[in-house]
Amino acid sequence: MVQKSRNGGVYPGTSGEKKLKVGFVGLDPGAPDSTRDGALLIAGSEAPKRGSVLSKPRTGGAGAGKPPKRNAFYRKLQNFLYNVLERPRGWAFIYHAYVFLLVFSCLVLSVFSTIKEYEKSSEGALYILEIVTIVVFGVEYFVRIWAAGCCCRYRGWRGRLKFARKPFCVIDIMVLIASIAVLAAGSQGNVFATSALRSLRFLQILRMIRMDRRGGTWKLLGSVVYAHSKELVTAWYIGFLCLILASFLVYLAEKGENDHFDTYADALWWGLITLTTIGYGDKYPQTWNGRLLAATFTLIGVSFFALPAGILGSGFALKVQEQHRPKHFEKRRNPAAGLIQSAWRFYATNLSRTDLHSTWQYYERTVTVPMYRLIPPLNQLELLRNLKSKSGLTFRKEPQPEPSPSQKVSLKDRVFSSPRGMAAKGKGSPQAQTVRRSPSADQSLDDSPSKVPKSWSFGDRSRTRQAFRIKGAASRQNSEEASLPGEDIVEDNKSCNCEFVTEDLTPGLKVSIRAVCVMRFLVSKRKFKESLRPYDVMDVIEQYSAGHLDMLSRIKSLQSRIDMIVGPPPPSTPRDKKYPTKGPTAPSRESPQYSPRVDHIVGRGPTITDKDRTKGPAETELPEDPSMMGRLGKVEKQVLSMEKKLDFLVSIYTQRMGIPPAETEAYFGAKEPEPAPPYHSPEDSRDHADKHGCIIKIVRSTSSTGQRNYAAPPAIPPAQCPPSTSWQQSHQRHGTSPVGDHGSLVLRLERSAGMMSCH
């Protein structure tokens, strides 16, 4: 009989023969060959079992023991009790106030127990109150140890021991053990022994110390002392020197005559009590030398002994102010953030800007689309109930059963399969708007194995963003079509393919959003200004200093701009190095680059003459300045050249004619001088006025003299310019009369000067 084995082999089998098995050696745990290397690599030994992610052995099977499951309520209670006892806030202070009143009552009763009138009544109440205090403190101590397990560093028995070694926990256990020992050994029929009461008074002090569980008082004191350690050490050192010196000198002066200063220790006691301004009066100097020394060192030493109190007081005040300052500045955080957000929306919602879209997209998501434009009136109530849970996404209602979760169409597919999504994808073409997909087509696309879903890339996101948007005209068209009666409404009642998508914001809605953003910006700005109110005097000083620096910078900028317009640039600019005011390369008054400063224009400050400036070799080659100051400089140069020519002609005339100065002075006194032209320094205007007045006097005096003997020359029309003739030609034309010759010449000069001034 041939039998086929389980492993596929064929061998003759007998009833008494042992069945052979083909396999690996040492796979069974506990087998003799299971300690081989190959066996350990294939199956592993029995001891190290497969662990979880946290390297803990998995507990599988029915017989395996399950670890104790921590309840959520257990953890919550542990955290709650730990916060109440270690970090009290809010109503948790009620318990700590109760403990404080309990300890304070024990302290008051222990004080009354020392008075004979109230000794008996206070001892009984103190006994009961001490028992209550011990019970409360004992329960609180064990609850603290148990609740500390909520912190990871205090978990386990080692963590509990670490928590118990904290200073305040050590004080708690000391007070608890000592109180139990005093009550057990010192009580005799509800009456305390004297030694027990004394020990109990000491325990009251420790109980008051434990009231500050967080140690904030001691931390504050330590920080103040550390911050002002140098000042304190200096004051204590000088005060100690004054104490030693004053005690020693008074001891030498009072040693033989005063019994209170028999030893140097008595003198040190007197010096300490005196310099600390306590003055018990048990010891005092009696000799005049001792009194004089005591008065001198008292005036010096008291000031140094009082310094530490002032240093610590100011240090505490500054530390408290530093602790309150961050709290005051934290109040400015929310107004500042709101101001930044509202300022950006105020900037981004500007209708003239077309490059900012994120803010408008935010409002497109938040603003509700009117439902009555998209929903037929017959299905409005039912769809409104269904659309409450749909926040602006595509919604379809089909008369087919709801598909399973695995067959549900994704948001992306629903958007692109919708007619408006296809319209957005087809860029508004009429062919794309008329295309509609049936649910069967969508299902066939989803079920086809050849279609592999692609990742939703940024391009898809942009396409879905376009698909989510629908123009207001399309929405109004849908509302009009929905309002028309006919067969379409009946078909929509049977199968409503309604879609809910967001629409673009209309211009009116954008204007409304813009107005709201402006109002929010103004309100946020006002709130932020209110939060910037000064906290203390230091804030006021800082604000004034910042404003002063800002004002100085603005004034400096304004001055530099004025100098750039009407004068040379300030020394800090590189333009001043290019055109220096002194040296061989400085521009002269005739150069187009020259322009007077503001003080020179208004007539203040020393005038800069041509002697102070040296003409450069390249002045004539410089291009003309087209600015206002360049043109004014050019006009001034022309006027100066004309003044030089006129001065030359007048000097020749006066020398040739020999006009007496008495006549000119008499005429000058009878005629007021004309005012000086504007935009000139006082020296230039004075010189110009003198020259002009002199010319007028000479001209009018000569013309009046010539009119006595000769007639006036024929008038020349103003449009024509007189011919340029020399002085000899005019002398030969008018004969031998010198006055007439000079009068005609000066008249021509006067007319030519008037025409040039008109030009």
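Just so you know, glycine gets a Cβ as well, placed from its N, Cα and C.
Screening S418, S438, S591 against Swiss-Prot annotations picks out S438 (annotated as phosphoserine). Residue-level annotations in Swiss-Prot identify, among S15, S440, S455, S440 as phosphoserine. Going by Swiss-Prot, the topological domain containing E119 carries the same name as the one containing T263, and both residues are therefore on the same side of the membrane. It is 393-412, from the ranges 53-72, 393-412, that Swiss-Prot records as region 'Disordered'. Screening S444, S685, S704, S730 against Swiss-Prot annotations picks out S444 (annotated as phosphoserine). Comparing S450, S462, S703 with the features listed in Swiss-Prot, the residue bearing the annotation phosphoserine is S450. Scan Swiss-Prot for phosphoserine across S448, S595 and the hit is S448. In the predicted structure, the topological domain 'Cytoplasmic' (146-163) carries a mean pLDDT of 88.
Sequence-distant contacts of the topological domain 'Cytoplasmic' (146-163), counting only residues of its own chain at least 6 positions beyond either end whose CB sits under 8 Å from a CB of the stretch, comprise 75, 78-79, 81-82, 85-86, 169.
Helix, strand and coil counts under DSSP for the topological domain 'Cytoplasmic' (216-227) come to 12 helix, 0 strand, 0 coil.
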